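Copied over from TrEMBL, here are the features:
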- 1-17: signal peptide (SIGNAL)
- 75-389: domain 'Peptidase A1' (DOMAIN)
- 93: active site (ACT_SITE)
- 106-111: disulfide bond (DISULFID)
- 269-273: disulfide bond (DISULFID)
- 278: active site (ACT_SITE)
- 311-348: disulfide bond (DISULFID)
């Protein structure tokens, strides 16, 4: 009895020391543009083919910054930079490694629509001055590197280098709900060799354990969109035990897929393949030729620049199972489709998208938010592994 009591007290102590960042879930840019009948125009203006998704995103082949499907991002959290604190809404992105926010000196309309960092207002700011550039499918984001303290839910990271954007691509970021991006991938992906925020957290002994975890809520109406935990994980957020998967390459959070099955039959990735677990990509992506076949298998058809499915057919659509380290992770149709309502009518779209990633980085599949919503994800830098378990409803 005493051992159980001590164990319970230890668990409570560890849980209470975790730093939880609440994530707010908001409508994605794609949904907002679709509401206003602007999505098709946006795709044409930026030469985006959202069905093929090979378009101008080919620039990613030359870029260190990975693939952020910002059109569908829905989960955002708060951080502050500087003294006194200047607050920003960011995407916590496991698919990139840099922190960037708009600068007060930014000349783009997108910056004017968001919070902007004012270095002269911070007593702890230090200029670095290194040029910074990221290529997106819709253009480049440029700026300079500065250094200041970054506060995330009571964790104060000292001397954190970050990018202050002075130019953002076209209208791409004008209507998004976030100000910037906080990358949580490995240092090798960092533009300009900047030390990532979590690496500084570990170096400055700010976290109990060298890991962080994500819970993404499934119910868009829930007040809790999700949460990021720095320094550990919360067993109350998942069912059963975590299955640990080795990281195969320390850049992205890259793992091996054994195979991909439809209703129990192996259809893709027959001899294993690579995947990354990426909170900065909302959908599940894979090689275009495979995704085209997958869309056909699930009965998805091209409609207005994306793949749509009949909402009445969800019960007849096949399960899609990703086998990872010998463990099956199954998504039912209700999980891999996205449902929304327009003028009182339900609209369902596929949560899969084709995306060709050239060597040496690719090819690989991206397990984005569609996957992570169903499976609680722990990112363990201490042991270079990813932990997965079914998320609680």
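Think of each number as a place in line: the chain as shown, counted from 1.
A Cβ is built for glycine as well, from the same backbone N, Cα and C atoms used for every other residue.
Taking all protein chains in view, 18 other C-beta atoms sit within 10 angstroms of the C-beta of residue 273 (disulfide bond). Between the CA atoms of residue 111 (disulfide bond) and residue 269 (disulfide bond) there is a gap of 41 Å.
Residue 106 (disulfide bond) sits 23 Å from residue 93 (active site), taking the C-alpha atoms as the reference points. Counting other Cβ atoms within 10 Å of each Cβ, the lowest count among the disulfide-bonded residues 106, 111, 269, 311, 348 belongs to 311. Among the recorded positions 93, 269, 311, 348, the ones whose Cα sits within 10 Å of the Cα of residue 278 (active site) are 93, in sequence order. Taking all protein chains in view, 31 other C-beta atoms sit within 10 angstroms of the C-beta of residue 278 (active site).
When the Cα atoms are compared, residue 348 (disulfide bond) and residue 273 (disulfide bond) turn out to be 29 Å apart. Distance noted between the C-alpha atoms of residue 311 (disulfide bond) and residue 269 (disulfide bond) is 28 Å. Residue 269 (disulfide bond) sits 26 Å from residue 93 (active site), taking the C-alpha atoms as the reference points. If you take the Cα of residue 93 (active site) and the Cα of residue 273 (disulfide bond), they are about 22 angstrom apart, rounded to a whole number.
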